[in-house]
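Visitor: Features from TrEMBL:
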- A:42: L-glutamate binding site (BINDING)
- A:76, A:77, A:101, A:151, A:171, A:194, A:237, A:238: pyridoxal 5'-phosphate binding site (BINDING)
- A:4-348: domain 'Aminotransferase class V' (DOMAIN)
- A:195: N6-(pyridoxal phosphate)lysine (MOD_RES)
Ligand SMILES: Cc1ncc(COP(=O)(O)O)c(C=O)c1O
Ligand SMILES: Cc1ncc(COP(=O)(O)O)c(C=O)c1O
Ligand SMILES: [Mg+2]
Ligand SMILES: [Mg+2]
Ligand SMILES: [Mg+2]
Ligand SMILES: [Mg+2]
């Protein structure tokens with residue numbers, strides 16, 4: 001067995017220890033004689049798994065008592081509809097559009113009410129985060145929506161927008177658990193787990209209880225009503241049980257690593273290695289305004305598409321996988337989530353140095 | 001490692017060979033240096049996995065060219081809304097209510113239009129399938145809906161209803177791939193994979209192409225529009241990729257076993273072992289009218305709830321797990337899906353004989 005360094009934006013690298021444990025437990029979970037994949041979601045064994053997962057997540061993020069944690073199917077894309085269906089009581093909401101995912105969420109919301117684009121960074125290919133300290137928040141807005149870390153463009157809200165008292169809803173798919181977060185500043189924060197947590201097929205949504213009213217827009221499917229899942233502890237119907245199990249293992253791994261403050265330091269160190277090199281390099285350059293750079297997704301270019309393609313190809317041959325930028329922007333992107341070891345980033349920088357020497 | 005016989009209704013037993021392969025490939029899928037859980041769903045490697053899965057499924061079920069195969073999230077419960085949202089052009093449909101799952105689907109459909117209950121077996125605790133050879137099909141009905149195998153009550157449509165030309169929609173969650181099926185008789189057949197195919201977290205929906213119009217009810221989320229997924233080959237957003245991989249392995253296992261005709265014979269043999277014993281037993285009895293008995297889910301009772309509980313407890317101690325009936329009906333239920341070996345059913349019958357001797 002030989003493992004590559006996998007810079008995929010998601011599904012993405014998982015901690016090797018976690019994968020090893022999962023492999024060992026595949027046919028017989030802790031002496032119970034079956035795989036977690038084969039367990040009834042109503043069994044006592046699975047109850048322990050889901051409850052521990054939730055508790056560990058609550059510990060890691062210090063989630064206040066008055067927030068529910070939901071394990072949902074459908075991907076982050078399904079939340080683009082669930083958010084307005086559940087929260088748009090006034091049929092109006094404000095969206096800050098900082099990338100493709102925020103834009104898709106904004107477009108989906110237009111099906112359900114007035115979705116105002118109150119700020120955008122599309123004018124400069126989403127390469128920065130707009131100033132959100134004093135926006136025109138709509139008086140009737142039920143919430144203000146952001147995509148906190150923009151996976152494709154590599155930007156991050158270093159400071160949350162001033163919502164002027166309105167509920168903040170954030171898609172944290174690509175920065176989930178990368179650093180400590182003050183959950184009480186959000187009404188809803190949610191993310192697909194397939195980037196920084198576990199295998200694909202689940203979203204974790206953390207929702208302040210008063211926002212879970214059951215009073216949803218007409219025509220909202222039972223399965224898209226937050227209350228359905230909140231009332232049933234995410235077991236209204238069969239959940240993605242294996243994914244819950246894997247995420248639970250990652251939560252324990254994060255606690256063993258020292259929790260989110262330690263992860264933040266580690267992530268800052270990894271990102272600095274890469275950004276520092278990009279800033280010095282004569283061949284490569286980062287595409288994001290320095291103050292808004294993401295710790296998780298680092299896009300860069302040579303300025304020459306052919307050279308970019310050559311880089312991606314040769315990097316792959318050197319065991320550095322998935323460095324191609326998103327199909328909508330080109331260039332390169334290195335996603336360096338929690339599970340990417342420092343050694344992976346060091347290997348990438350070393351390879352970039354070598355490539356630069358050979359190609360300038 | 002010691003494996004039990006797991007009679008869970010779902011998530012349920014999987015073929016041991018499949019679990020072994022998955023364990024072996026967990027850290028390094030066929031020399032690619034990463035787990036399938038870590039693979040970009042846009043990668044060439046994953047493309048091969050999803051394409052092979054679809055091809056093998058098409059082979060097994062002999063799916064005609066003019067049907068799409070969709071791999072979707074949200075569970076069967078989400079289909080209860082997706083079906084009317086996509087198919088109720090006239091805002092009317094006919095439902096045959098043969099159990100809790102058909103009933104839930106019928107209730108959900110009422111959100112979207114006139115959902116007529118044209119037949120039901122609720123009068124006798126859903127212990128039979130009503131005669132559906134000459135029902136009052138509504139002239140404006142967009143489709144006729146059935147739950148083909150009723151997981152909780154253990155009944156099965158041995159013959160499809162006469163829909164008088166209307167589109168047939170069937171929930172086949174608990175009989176999926178248990179025997180050959182003439183797909184061309186259905187407009188849509190769909191099922192959660194967590195019973196007879198793979199781990200939880202995915203539904204496979206097989207839909208005749210002319211029913212995928214994109215002309216859906218107002219307010220239908222993008223993610224609940226069949227066309228979204230059909231146009232994108234189930235990769236509109238990140239799918240439950242590990243589940244697709246596991247199901248793909250099960251499809252290959254089924255082909256190796258000889259395909260669905262062989263599985264049918266095998267399933268009939270297993271079911272006969274159990275039903276024959278139930279019919280002879282002085283302690284146990286089956287709860288379903290013989291002609292409508294399911295090959296997959298076999299509910300039975302002693303008639304004495306305390307004795308039922310004792311049975312379930314002692315069976316568990318003997319390595320026969322999850323024999324408790326559904327919380328809504330009590331008694332016992334043995335789910336004997338494809339992956340349950342004949343030896344498991346033999347062990348169950350032997351244990352029932354022993355228990356009968358000790359308790360009559
Ligand atoms: C920030 C963000 N939001 C939403 C999505 C869409 O997620 P999903 O594929 O789970 O629908 C992505 C996926 O890449 C993302 O990066
Ligand atoms: C026949 C049938 N339909 C639907 C469901 C609901 O499936 P899910 O839990 O995937 O929503 C079940 C689950 O047990 C079932 O047996
Ligand atoms: Mg983005
Ligand atoms: Mg530079
Ligand atoms: Mg049923
Ligand atoms: Mg009897």
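Cβ coordinates come from backbone N, Cα and C, glycine included.
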Visitor: Are any of A:76, A:77, A:151, A:171, A:194, A:238 (the binding-site residues) within 10 Å of residue A:42 (L-glutamate binding site) when you go C-alpha to C-alpha, and if so which?
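Guide: Near residue A:42 (L-glutamate binding site) by Cα: A:238.
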Visitor: Quick one: what's DSSP say for residue A:171 (pyridoxal 5'-phosphate binding site), helix, strand or coil?
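Guide: SS state of residue A:171 (pyridoxal 5'-phosphate binding site) = strand.
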Visitor: How big is the pyridoxal 5'-phosphate site in terms of the longest C-alpha to C-alpha distance among A:76, A:77, A:101, A:151, A:171, A:194, A:237, A:238, in angstrom?
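Guide: 31 Å is the greatest Cα spacing among the residues binding pyridoxal 5'-phosphate.
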Visitor: Just to confirm my parser: what is the rounded mean pLDDT across the domain 'Aminotransferase class V' (A:4-348)?
Guide: 98
Visitor: Tell me the Cβ contacts of residue A:101 (pyridoxal 5'-phosphate binding site) under 8 Å, same chain only and six or more apart in sequence, or just say none.
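Guide: Residue A:101 (pyridoxal 5'-phosphate binding site) has long-range Cβ partners A:76, A:147, A:150, A:151, A:152, A:171, A:173.
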Visitor: Whose Cβ, among the binding-site residues A:151, A:237, A:238, has more other Cβ atoms within 10 Å than any of the rest?
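Guide: Per the Cβ count, the most surrounded site is A:151.
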Visitor: Quick test of understanding: given the recorded positions A:77, A:101, A:151, A:194, A:195, A:238, name the ones whose C-beta is under 8 angstroms from chain B.
Guide: A:77, A:194, A:238
Visitor: In angstrom units, rounded to an integer, how far apart are the Cα atoms of residue A:237 (pyridoxal 5'-phosphate binding site) and residue A:195 (N6-(pyridoxal phosphate)lysine)?
Guide: 24
Visitor: Among the binding-site residues A:171, A:237, A:238, name every one whose Cβ is found under 6 angstroms from ligand 2, counting any of its atoms.
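Guide: So the answer is A:237, A:238.
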Visitor: Let me make sure I understand the structure: which of the binding-site residues listed (A:77, A:194) has the fewest other Cβ atoms within 10 A of its Cβ?
Guide: A:77
Visitor: Of the binding-site residues A:76, A:77, A:238, which ones put their CB under 6 Å from ligand 1?
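Guide: Listed by sequence, the hits are A:76, A:77.
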Visitor: Would you count the other CB atoms within 10 A of the CB of the residue listed as 'L-glutamate binding site', including those on all shown protein chains?
Guide: 16
Visitor: Ten-angstrom check, please: count other Cβ atoms within 10 Å of the Cβ of residue A:195 (N6-(pyridoxal phosphate)lysine), all chains counted.
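Guide: Step by step: centre on the Cβ of residue A:195 (N6-(pyridoxal phosphate)lysine), count other Cβ atoms within 10 Å, giving 30.
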